[in-house]
């Protein structure tokens, strides 16, 4: 039998790494490192349980099953390396190198199997693919029979972006499993207690019935470390209201990531994904908004959330003690974090995120509205919210959160700003105006229903930031409401029907001309009353009594008409 020996293999990839390295098979174990020695992986021979050889996308793979249930994978072997690898494994580790065939049928139905931190999808007892649960970022029950699994988003740092441009690789970000049926699940602790007490085992029907999808979901959470017990992180904030995405969540903060735990969704978000922090007072003078900008965004099905909007009450104060020794805290974070916070909850949350992410918190700048507020009310399409002019950007919250940095704004167009805008006595004029942000990328963001009193303030602020403003000339000739109604009445007079015009020209008892009835004095020589009412009228025969009565009627003693 040959003696143990060592051998190296070049251009070998470890796990999901995109950088090749050198793999060394030594009697004491396996070692792998990149050419710059930045990444080094060592596995002791005592941990080996099984060795497998299989065809994968990157040529051939050596899969090492470990005794702790996990597996290590090394890709990039050529086909003619099989004999050399097999002899080394047999000589150094006293194990057989098994050849494993994968299913290439392409079916989308099969059976799932959990092996350590790996999820295997098998078709006809052959593995179709494996999912490393360590790469699972979130999982949730889409419905009773469907489980959604979301993977860690690709790194968006400048270094990784430079590498991705060279490789032009695509990554899987989401999978969905349809799992029908139900299962009977027993509590292991209760079974152990019954065995200790000598009780007979009950029938399976006495266990708890659970849907197969629910059991699959719970297993994924456990294997992927998504259901970590609370209290292990640095801080825990309970029952926090999020306006985007809507719901109440428990926020558990860890050194490199934080979790959102809700009734339906659980999220794991890397601290490296936090790109912006905003702490903004709401105009109701009751609440405070803490906005977290994310890149890559948070995924909820097909919806992407680039911002998390948290809402707190300004007078809500709670004592927060970080779950870390004070010496370790100073050594790891210096002055960025305090061991204890006794302040309003929004100040504590923002301070913890600022210390862990090393990001500056953006607060309201020098802008003051006409009503001495730090923002103006506006509407983005059908959504009402607040537009905050900040030091280097505009931010619209709460829904949809819209971030407009000054560096990307080409110009701002004001519309529905007529000449009557500045007339304080023109109560019939327009009370609101619109403003549109023209971005350098070609996109546009239109905000409407801004109070007309804020126009001059916003225009001056934009000019102070050297942002070009444009006044839409299409509305310069627009009439105010009162002017429009007056002109409409003039047009009605010109086209008024003749009968209606004659009626309007008739004597109105309330008209000024009606006052002549009271001032009129009849003369004995002249009378406006003609014919039979005149005393000299002789056109008909009548009795003397009738003539006298007519005479009295035509010449009243009072000298006034009846």
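For all residues, glycine too, the Cβ spot is worked out from N, Cα and C.
Since we're looking at a predicted model, the values are computed, not measured.
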Of 150-169, 230-249, 250-269, the range TrEMBL labels region 'Disordered': 150-169
Listed range which TrEMBL flags as region 'Disordered', given the options 86-110, 111-135, 186-210, 286-310: 186-210
Tally of DSSP helical, extended and coil residues in the domain 'Histone chaperone RTT106/FACT complex subunit SPT16-like middle' (373-473): 21 helix, 48 strand, 32 coil
Segment confidence, the domain 'Histone chaperone RTT106/FACT complex subunit SPT16-like middle' (373-473), expressed as mean pLDDT: 86
